[in-house]
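A.B. asks: Quick one: structure below, then a few questions.
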């Protein structure tokens, strides 16, 4: 099975302008400009962008120094394709969608995900970008491990995932409890 790391996948659907869906998993630094360029269009007056960065968090007296990301890459591409279809079903004016996500180590302050959506007007693009990040966290098989200054580490569960539906996230920590 070929590795998809560092590769770009694009599926085009066309009417007047071919619609682009671009998904990239990479161990390399993410370029906001590359993502913006992937969704730019003369027919669009808005590009909505989300950039997720690694924050310096504390858990039980330990400070997060980096995150480590892993993915089931073939399934991630398949789920991204479904997500793009879902977005276009909800916001038909969305023209192009691009998501780049880091794999491997991501230090505090660095971007772990950059996504952009273009549309003729801002309203649909802004709603679609919010939906995109929420669904990416809930459905795309990408996992993160927090690494602490003590060199301990912990795999993190996304609260958006369906299997975490019966848990409530504490606002001040990343621990969960059953509700």
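Heads up, the Cβ atoms here are built off N, Cα and C, so glycines get one too.
Bear in mind that TrEMBL entries carry predicted annotations, made automatically and left uncurated.
So TrEMBL lists the following for this protein:
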- 121, 122, 137, 144, 145, 146: substrate binding site (BINDING)
A.B. asks: Express in Å, rounded to the nearest integer, the largest CA to CA distance found among the substrate-binding residues 121, 122, 137, 144, 145, 146 named in the record.
C.D. replies: 38
A.B. asks: When you measure from the Cβ of residue 146 (substrate binding site), how many other Cβ atoms are you left with inside 10 Å?
C.D. replies: 20
A.B. asks: If you draw a 10 Å sphere around the Cβ of residue 122 (substrate binding site), how many other Cβ atoms fall inside it, taking every protein chain shown into account?
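C.D. replies: Here the count is 13.
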A.B. asks: Same-chain residues six or more away whose CB lies under 8 A from the CB of residue 144 (substrate binding site)?
C.D. replies: 67, 68, 69, 112, 155, 156
A.B. asks: Counting only residues 6+ away in sequence within the same chain, which have a CB under 8 Å from the CB of residue 121 (substrate binding site)?
C.D. replies: 45, 46, 93
A.B. asks: Any idea what DSSP makes of residue 144 (substrate binding site), helix, strand or coil?
C.D. replies: strand
